[in-house]
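Novice: My structure is below; once you've seen it, I'll send some questions.
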Amino acid sequence: MTRSLRVLYIGLFLVLLLALGAWSLRSFFGFSTNADATVLNGRWTKAVETHYDEEFPIKRLGTNLWAALDYKLFNEGRPGVVLGRDHWLYSDEEFNPAVNEDQNLEGNYALVEGVRQKLKAQGIQLVMAIVPAKVRLYPEHLGEVKPASIHANLYQDFHARVAADKIIAPDLLGPLQQAKLGGKQVFLRTDTHWTPDGAEIAAKQLAKTIADKTPLNGEPQRFVTEAEKTEPHKGDLRLFLPLDPLFENLMPPKEPLEKRVTHLAETKGDDALFSDSETPVALVGTSYSANPNWNFVGALKQALGSDVISYAEDGHGPILPMLSYLKSDDFKNNPPQVLIWEFPERYLPVNNEIGDADPSWVAQLKQAGSRQQNMALNTPVNHQKSETPDRAQN
């Protein structure tokens, strides 16, 4: 390479670098940080570095190119998603084996029973809403990747264990399968979660079981659900395919999502069912309950004919929100008649986070539940009708 070519090469490289840097600097117009981010505590510098790193075009270009190669050549996304056929995406939590899965299973079974005892001591009836895995309802869209063996009978085994502990837990899989056969989409194609239709079906099944086995006090209230609007929904599983903006056309298409809202029908003041101090039904759970996109809380209100106070949390699994609720003032001072615990089956074989809960207290809950389960295993089985789903449904 001659000296002139070297100079030209270096010059072009510097021009390209300066151009890309200038492009990135455009993003700082209007950029601001939180009030607590200062130069002295280092947070301002960190915020600037993070913002620049996110906006630097070379990084975005490289990320998009690598993701496109993975997606088109190997039919793979980032860890977190499993690609199916027909643009269907699944959470890899429904497929992967878990570290110490057998130990986690027993620990979580014991914790559920320990929670039941804690609630019973407060006069609260526990009702489990075990959410079946999306792959259990839509296996026909799977590609070559199959769930690990631990997931095969997880839903049915979960029901069998809570039935042995005499915990009310209606089968949600059967009604969801029937609705699917009837033409309704009960889980979103590119999202982990159920559709508003799926949430409504689950709510109706829960309400029917509660009415049969632990009826609510008082006269029912009338709630009305209305469709607000239908919008294109960017499923949470699409985030594991970082193809936009350069290869947006390769992404599984967005799907329409009907937003619904539920409100109390207009009634006379004398018709109020519960006073302000009463809580007929509480709900603890995950994003299946907490995210308003699915309107699960609203569907429960309408199906139960009762107000529902939600303590569900997004992004923390089913265990942490329950532990937080058991330590709350509402649990101590205003206990509900019924508490619905929404618990996706995929969280059962994993070591769930407990946040800032005292580990010794959590261990005590598990020990109490384990003792009760050991007693149940040593008690002769009374053959009676159970809501445990048939394994043949899987």
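Placement of Cβ uses the backbone N, Cα and C atoms for every residue, glycine included.
What Swiss-Prot shows for this protein is this:
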type     : residues : note
ACT_SITE : Asp191   : active site
ACT_SITE : His193   : active site, proton acceptor
ACT_SITE : Ser287   : active site, nucleophile
SIGNAL   : 1-37     : signal peptide
Novice: Which whole-number value in Å describes the distance between the Cα atoms of Asp191 (active site) and Ser287 (active site, nucleophile)?
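Specialist: That comes out at 12 Å between the alpha carbons.
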Novice: Any same-chain residues 6+ apart from Ser287 (active site, nucleophile) with CB under 8 Å of its CB? Would you list them in sequence order, or say none?
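Specialist: When sequence neighbours closer than 6 are ignored, Ser287 (active site, nucleophile) has Thr192, His193, Ala312, Glu313, Asp314, Gly315 within Cβ distance under 8 Å.
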Novice: Run through the Cβ atoms and count how many others sit within 10 Å of the one on the residue listed as 'active site'.
Specialist: 22
Novice: Tell me whether Ser287 (active site, nucleophile) sits in a helix, a strand or coil according to DSSP.
Specialist: helix
Novice: Using DSSP and collapsing to three states, where does the residue listed as 'active site' fall: helix, strand or coil?
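Specialist: The residue in question, the residue listed as 'active site', is coil (DSSP, three-state).
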